[in-house]
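Colleague: Input: one structure, supplied below.
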Amino acid sequence: MTLPNKAALVGLAHTLSEQVKRYLVTADETKSPEDHKLCIEGERTPSSTEHAQAWEIVRTCDRIGSLVHGPVPWLLSNALSHLDSACLAAATQLNLQDIIVDGPSPTSLDTIVTATGVSEDLLRRILRGCAQRFIFEEVAPDQYAHTDASKMLRVTGIHALVGFSCDEVMRSAAYFSNFLQQTKGKPPSWNVPSPFSLAFDPTKGLFDYYSTVDEVRGRRFDLGMGGTEATKPLVEEMFDFSSLPEGSTVVDVGGGRGHLSRRVSQKHPHLRFIVQDLPAVIHGVEDTDKVTMMEHDIRRRNPVRGADVYLLRSILHDYPDAACVEILSNIVTAMDPSKSRILLDEMIMPDLLAQDSQRFMNQIDMTVVLTLNGKERSTKEWNSLITMVDNRLETEKIWWRKGEEGSHWGVQQLRLRK
């Protein structure tokens, strides 16, 4: 094993100490729960500063780990990291989060064997794989307890999201190299073919597959995406809807069953909302006095001409650039340059060198690549995409949640130059 660079290791240890100090100061400055939006099971969403500082600590710890492991063990550990997901997938499938008691006394392996019907040997190895990642804990031989992370598996949305990640995403990842060979490394213009379609059905993209073939996985996906929504800032926390004139029309493009529009309409009753989505999505949803449901395919020209706002929340990250150009072009043709704007409510990844980026953001980006040919975009990549749509279209402003300026989530306001 190669001895680590002593000077580099000492320097990183000092960096880590300083980063932890800064992080604790930032965390202490949180005066009350009201300073943050509370999300899943009382877990608060950290401020953008706290979030960034936390990931700096994680990155420094990883750099220390790479040094002390040495290059070959570090390389192999990363190559085999999917085995952690395999153990976590088994744990969630067996519902170990419900079998293991959250209380003062641990749960015995015998109890888990009786509840699951799985052998002692396999359960030990599954739980060992999880516990090494601080998901469950063996507090005494064959005695298991919860950790903060494993408790979160009891939350429906998180359990579903983990299931999706360890099933559809992991299967799709196994086909990524096949996908690159088949497409010669050129991204398709829409969702098929994709690593997901190669893994599940070569003729169908993820959403089509869920709606026509596998409704069980589809329901789990919906629950999981609901869990992620709880961690994102609300669009009305970023964009000031009260600034729109009385009677303005907001078109919620790809707005699902209208949950967002109904929520915002209750806070801003002076506005009129039109929710557009596919017939199967909006089927059975009734109009209200402020919210109208409309059948629409984003691959067609938008039928609502001259609306004040065309809102897209978490839509474009599901598609490659060519598809996004088509989607936005179909809106641009309907815009009134004198008043219309497009609001893109999406993740905005920081423009950083690869090794300085946040691993979790990269994992989200790779998730949409593998399952949808999608893409999480940086400021530079968003600007490049917008330029491809129409040379008149430009980003006029980015709206952030108060106190979160420059964070990883914002609302980009696009207008046509007159």
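From the backbone N, Cα and C atoms, a Cβ is placed for every residue, glycine too.
Copied straight from Swiss-Prot:
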type	residues	note
ACT_SITE	His317	active site, proton acceptor
BINDING	Met170, Arg171, Ser172, Ala173, Ala174, Tyr175, Phe176	substrate binding site
BINDING	Gly254, Gly255, Asp277, Asp297, Ile298, Arg313	S-adenosyl-L-methionine binding site
REGION	206-225	region 'Substrate binding'
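Walk me through the surroundings of each of these features.
Modeller: Long-range Cβ contacts of His317 (active site, proton acceptor) within its own chain (separation 6+, distance under 8 Å): Glu346, Met347, Val368, Gly374, Lys375, Glu376, Arg377.
The secondary structure of Ser172 (substrate binding site), as reduced to three states from DSSP, is helical. Applying an 8 A CB threshold to same-chain residues 6+ apart, the list for Ser172 (substrate binding site) reads Ser194, Pro195, Phe196, Leu198, Ala199, Leu370, Thr371.
When Cβ atoms from all protein chains are considered, those within 10 Å of Ile298 (S-adenosyl-L-methionine binding site) total 21, not counting its own.
Note on the region 'Substrate binding' (206-225): DSSP counts are 18 helix, 0 strand, 2 coil.
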Colleague: Look up Asp277 (S-adenosyl-L-methionine binding site) in the DSSP assignment and report helix, strand or coil.
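Modeller: Going by the DSSP assignment, Asp277 (S-adenosyl-L-methionine binding site) falls within a strand, counted as strand.
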Colleague: Using a Cβ-Cβ cut-off under 8 angstroms and a sequence gap of six or more, which residues of the chain neighbour Phe176 (substrate binding site)?
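Modeller: Once residues fewer than 6 apart are set aside, Phe176 (substrate binding site) is near Pro195, Leu370.
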Colleague: Give the sequence-ordered list of residues that share a chain with Asp277 (S-adenosyl-L-methionine binding site), lie 6 or more positions from it, and have CB atoms under 8 Å from its CB.
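Modeller: The list for Asp277 (S-adenosyl-L-methionine binding site) reads Gly254, Gly255, Gly256, Arg257, Met293, Glu295, His296, given in order along the sequence.
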Colleague: Within 10 Å of the Cβ of Ala173 (substrate binding site), how many other Cβ atoms can you find? Include all protein chains, please.
Modeller: 19
Colleague: In angstrom units, rounded to an integer, how far apart are the Cα atoms of Arg171 (substrate binding site) and Arg313 (S-adenosyl-L-methionine binding site)?
Modeller: 27
Colleague: In whole Å, note down how far the CA of Ile298 (S-adenosyl-L-methionine binding site) lies from the CA of Tyr175 (substrate binding site).
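Modeller: Pair distance, Cα basis, whole Å: 28 Å.
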